[in-house]
């Protein structure tokens, strides 16, 4: 009988470490809800002790998620374990994931400890975590480079202490598939209590082996795969879950395994992660890239026309990629737009219909026809703009050319006040940014700028993603319009609104801290 492989998603923990700018609580929740729709069994959503913001994110997600187990990371340190519990306790189902290095290199140079001391510390912290929950995962950090005798000792002790999942990370992406599989085979053969825990894999892609290593380990008896959507993660990234899941769906019968993932949600989830994280998906990316189902060779095209299975081992529809796209016009009513959103998989709670329809009408008036990719882009911007906006772009005007200095005049609403400012710059976008910075007095430094066409042709929407730095922190902004200068301006205003909200939160935390100090003094 086919056995289930548990899918453990770490996009919001390990995956986020690859991003230029940290995600907001709202952005993390959007991704968590998408992962829940896709059906991940466990989602690791943060490192609660690391910062108040991460604690809040984990707690917020733990309250909202009902159909997946929510997990928080913790070092083998008492305060980490306690913080993870406090953040997760509001969840319907949760897991505490604690870890400690086990390789000789890490023990000697990073921990400055010994293997017996590592085992003693791991056992103590696993027991502490078990006081809070019966679902505790222990990771042997750098397990791929840990001698098998040492690994067996650690794993046996961890299971005896109460760990229900044992994770063996290939932390630096060093092992080859057959080596990694041999580790799991040895653990199953040599650890006497191994049947009391689920063996888990966590692979990195430094040598391009992450997915191959994960599948090799599953073939050797692992029954949980840890990874991130789109392969996000430290350095070269984590195991790409969408690839691993579809490999199991397509070839799982050879390993006698399956997952409980809703495959129809894979494409949409990957797109959500890509947009929110500002990490474009390469065209040649397996499963979800724009070329994944494209055929340019004449021989291949002929074969596909005769029978798609000649050159396609899975279908676009199997990951939720719809091949038929309907276009709407300015004459399309609210019901038509709502119906199309439902057909694309969007529930009513995922967007504000009034705001979406207003944006749809404005776009339809500009370009005539609105396609599925336009609606998806509008829905994404709609989700990003639901927070209160202190700054709002009213109008702008630019003058530029090969023989004149670019000049921009920007009218911005700042709270209840309307302000206007003009500035020059190195091109129209820079001129607009100079004017906006003068109006807001934030002086945010542009770190990165990225323009992506949403659709095809001269009237395609242009999405601008920027990262700005302010007071040592990086913030992401996104804007969408058929005019790239307008989308650039909207992206900057979006980033500045995020900065403004962050400042409000910091001021509120400072106020609460002062009140607390005053009460303690009294």
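Please read every residue number as a count from 1 along the shown chain.
Placed from the backbone N, Cα and C atoms, the Cβ positions cover glycine too.
Summarising the annotation, Swiss-Prot assigns domain 'Pyruvate carboxyltransferase' to 5-267. Here Swiss-Prot flags 14, 202, 204, 238 as Mn(2+) binding site, drawing on sequence analysis. Look at Swiss-Prot and you will find 392-522 tagged as region 'Regulatory domain'.
A map of Swiss-Prot features onto the structure.
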residue: 14; record: Mn(2+) binding site; Cβ within 10 Å: 23
residue: 202; record: Mn(2+) binding site; Cβ within 10 Å: 29
residue: 204; record: Mn(2+) binding site; Cβ within 10 Å: 26
residue: 238; record: Mn(2+) binding site; Cβ within 10 Å: 30
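According to DSSP, the secondary structure content of the region 'Regulatory domain' (392-522) in residues is 51 helix, 59 strand, 21 coil. Shown in sequence order, 10, 169, 171, 203, 210, 226, 227, 228, 233, 234, 237, 239 are the same-chain residues outside 14, 202, 204, 238 whose Cβ sits within 8 Å of the Cβ centre of the Mn(2+) site.
Mean predicted confidence for the region 'Regulatory domain' (392-522): the pLDDT average there is 87. Secondary structure from DSSP puts residue 204 (Mn(2+) binding site) in a beta strand.
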